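**Q** One structure is given below, represented as structure tokens, and several questions about it will come after.
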């Protein structure tokens with residue numbers, strides 16, 4: 001007979017985001033469409049940045065890493081949710097649950113530091129344009145990117161391990177559509193006070209420190225932009241920075257709402273909706289925000305489409321002459 005608190009044998013139950021009413025089926029279809037659009041949009045962004053030499057700059061390299069993180073984040077959650085919904089199953093193994101927690105926290109934490117690196121990049125570009133090639137060299141850019149991935153991974157490995165080490169001896173029903181640490185810890189039949197305090201401290205380090213760096217960078221940028229004499233230069237600076245600030249606001253606002261609210265203000269229903277926002281909707285907004293408002297990305301897209309069209313015509317001509 002299996003022990004009730006054997007976390008290695010008994011699966012967890014994900015109650016999910018939707019039921020099978022016509023309205024929820026429609027909403028599920030919309031989520032699936034948004035997920036596929038997110039994958040294609042972020043993959044296209046990575047492709048354009050890789051293919052176009054004009055986009056081989058620190059800013060776009062960091063943006064390609066953001067797209068990669070967003071693709072991995074949504075891919076670690078939505079396919080499992082969709083499979084469970086379509087097949088009518090709700091279970092997830094402890095290993096699968098741990099993997100979701102680890103990937104989500106790694107990518108979420110990494111994105112926090114990556115957004116701070118992007119803010120520093122814009123600060124150097126606008127406030128110290130002549131020294132930009134020195135201050136934002138390729139080596140520093142790689143170090144910042146690697147650091148973002150590592151800082152997310154190390155901290156989150158500890159949190160994922162600690163979360164699954166608790167005994168879960170009563171209900172294993174997680175009122176969520178994926179394994180997220182706060183939702184899982186609610187089910188533990190042990191004192192989780194110390195872990196929750198540890199998780200709160202981690203949130204301060206992983207969220208508020210990068211956010212403080214971002215706000216400091218943009219305060220200096222705003223002061224520099226207001227001193228510019230050229231209206232065209234001001235508009236260009238504001239266009240670039242407003243795109244980045246939109247991404248920062250969407251991402252940080254949702255995560256701080258989930259992880260840093262007092263317990264007395266938490267609602268499972270609200271948590272699910274907000275979690276859906278930053279795991280499903282934000283990843284599709286990033287490529288849209290950066291592409292629609294960015295002339296260089298739109299130019300690279302036109303050039304790539306032109307190349308594809310020319311290659312297709314060349315192949316058709318070769319086929320006709322055979």
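Indices start at 1 and increase along the chain as displayed.
For all residues, glycine too, the Cβ spot is worked out from N, Cα and C.
Unlike curated entries, TrEMBL annotations are predicted automatically.
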**Q** Do you know which of 98-120, 121-143 TrEMBL annotates as transmembrane segment?
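**A** Going through 98-120, 121-143 one by one, TrEMBL gives transmembrane segment for 98-120.
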**Q** Kindly point out the range from 3-21, 60-78 that TrEMBL annotates with transmembrane segment.
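**A** That would be 60-78, per the transmembrane segment entry in TrEMBL.
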**Q** Restricting to the same chain and to residues at least six past its boundaries, which positions have a Cβ under 8 Å from a Cβ of the transmembrane segment (237-261)?
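**A** Residues packing against the transmembrane segment (237-261) from afar: 66, 108, 111-112, 115, 118-119, 122, 126, 180, 182, 199-200, 203-204, 207, 211, 214, 218, 221, 224-225, 228, 271, 274-275, 277-278, 282, 285-286, 289-290, 293-294.
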**Q** Looking only at residues six or more beyond either end of the transmembrane segment (273-292), which have a C-beta under 8 A from one in the stretch?
**A** 17, 31, 34-35, 37-38, 41-42, 44-45, 63, 66-67, 70-71, 73-74, 77-78, 104, 108, 176-178, 180, 243, 246-247, 250-251, 254-255, 257-258, 298, 301
**Q** Short question: which residues 6 or more past the ends of the transmembrane segment (60-78) have a Cβ under 8 Å from it?
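**A** Residues 31-32, 35, 38-39, 42-43, 45-46, 49-50, 99-100, 103-104, 107-108, 110-111, 114-115, 117-118, 121, 141, 144-145, 148, 177-178, 247, 279-280, 282-283, 286-287, 290, 296.
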**Q** By Cβ distance under 8 Å, which residues at least 6 away from the ends of the transmembrane segment (25-48) in the same chain are close to it?
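**A** Those are 17-18, 55, 63-64, 67-68, 70-71, 74-75, 78, 82, 85, 276, 280-281, 283-284, 286-288, 290-291, 297, 300-301, 304, in sequence order.
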